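Visitor: One structure follows; several queries about it will come next.
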Amino acid sequence: MAASWTALESNPSVINPMIEKMGVSTVKTVDVLFFEDESIGSPQHALILCFPEYKKVDEIMKPIYEQATAADDSVFFMKQKISNACGTFALFHSLANLEDRINLGDGSFAKWLAEAKKVGIEERSDLLANDAELAAIHATAATGGQTAPSGDVEHHFICFVAKNGVLYEIDSRRPFARVIGPTSDATLVKDAGAAIQPLIEKLDNVSFSAIALVNK
């Protein structure tokens, strides 16, 4: 990967100011303490998952993706070509696929998305890397967490987002977005959790964290 950013922290206090600075004022993230937490409410727009030991996860997920059903072109997807930017990619994948459901405003994210939809999945990452305003917003967020930024990153972010009643797993290091199955506004976090559970059990590492994207 040519470009390299500082990794984000999986923390609403980091992500929410970032969302606002990008011009999206209608949604926020909240911590997910367990996947069947009914206090999250509805609608549940997306789940952003941060997991450890991404190299081991690659080994576990490789056969799953070899048998997976790829999403069609209606699902926005881009391949990550910026090191340590997976948190921003997971957030962008969530927001981009909610364009017809939430107001994305007219700020830097909406402007980037309009241009990103005109190019292919490889070029979208380059478009982000070259966007000085969005890069600066990411940089500010990356230094605003509770833990000191580190160059040695073992964690990786992905997202689960619904479109037309179907839940998708979107991992910017994979070749495509993966179809998970049916979901709803009230059960997205629970449904994503069911898809995640086998990975948690195989990895045998409790260093997972998750935040949900919901209305303000």
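Cβ coordinates come from backbone N, Cα and C, glycine included.
Below are the features listed in TrEMBL for this protein:
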type: ACT_SITE; residues: C86; note: active site, nucleophile
type: ACT_SITE; residues: H156; note: active site, proton donor
type: DOMAIN; residues: 4-215; note: domain 'UCH catalytic'
type: SITE; residues: Q80; note: site 'Transition state stabilizer'
type: SITE; residues: D171; note: site 'Important for enzyme activity'
Visitor: Rounded to a whole number, how many Å is the Cα of the residue listed as 'active site, nucleophile' away from the Cα of the residue listed as 'active site, proton donor'?
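Guide: Distance (Cα to Cα, whole Å): 6 Å.
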Visitor: Any idea what the Cα distance is from Q80 (site 'Transition state stabilizer') over to the residue listed as 'active site, proton donor', rounded to a whole Å?
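Guide: Counting only the Cα atoms, the answer is 12 Å.
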Visitor: I'm checking region-level scores; what's the whole-number mean pLDDT for the domain 'UCH catalytic' (4-215)?
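Guide: Mean pLDDT for the domain 'UCH catalytic' (4-215): 92.
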Visitor: Fewest other C-beta atoms within 10 angstroms of its own C-beta: which of the recorded sites Q80, D171 fits that?
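Guide: It is Q80 that, of the recorded sites Q80, D171, has the fewest other Cβ atoms within 10 Å.
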Visitor: Given H156 (active site, proton donor) and D171 (site 'Important for enzyme activity'), what distance in Å do their CA atoms have, once rounded to a whole number?
Guide: 9
